[in-house]
Amino acid sequence: MAGSFAQLARAADKARDTMLVPKTALETPPLEIHTLGADALRQPAQRIGKVNDQVRELARDMLRSMYTAKGIGLAAPQVAVYQQLLVIDLDLENAATPPLVLINPEITAASAGLDTYEEGCLSIPGVYLDVVRPTAIELSYRDEMGRPRKMKADGLMARCIQHEMDHLNGVLFVDRVTDQAGLQKELKENGFQSKHVQSVS
């Protein structure tokens, strides 16, 4: 029995390692990250029925593209793949820290307390504005091996998860900005058009 347990433990460690890719910029990232104005960003994502090698390779390509763009989170619709898949890494400086892969994530609870914090997005480069979101959340999801998981998150992790999950519904952080004057200014200065914002605030 001990041997079986050890085998399971080694298998779990190996599974975590499958998502470790170099946290360095590539000359040519494997996936194109679409920007504000692209139809891809407004398409809802579908649940993933089976977590297989194809899904894991997509997650790795998303990570490679995210690291190249120096981001901390990326959702599949940002690369024109309409599946419920997110990758997040808040520790870009530590090569040994595995990223978080969330498949079919669902927020099951959110704090009544709200927090205001500046957000940016790889799909809207150069634009940084305050967004109000719940301070803490609880969620369920499947990991890169298809196993059901639950987690609690607060602070930056909670914000990042909520931001990336918005992408799965075709919502961008600029849609939640309440400072319209600041939004117009930031968009104009960075070459984006306000007509592509779909306010949900």
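From the backbone N, Cα and C atoms, a Cβ is placed for every residue, glycine too.
Taken straight from Swiss-Prot:
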| type | residues | note |
| --- | --- | --- |
| ACT_SITE | Glu164 | active site |
| BINDING | Cys121, His163, His167 | Fe cation binding site |
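Sequence features annotated in Swiss-Prot and their locations in the structure.
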residue : record                 : CB count, 10 Å
Cys121  : Fe cation binding site : 26
His163  : Fe cation binding site : 24
Glu164  : active site            : 24
His167  : Fe cation binding site : 25
Structural state of Cys121 (Fe cation binding site), classified by DSSP into three states: coil
DSSP state at the residue listed as 'active site', helix/strand/coil: helix
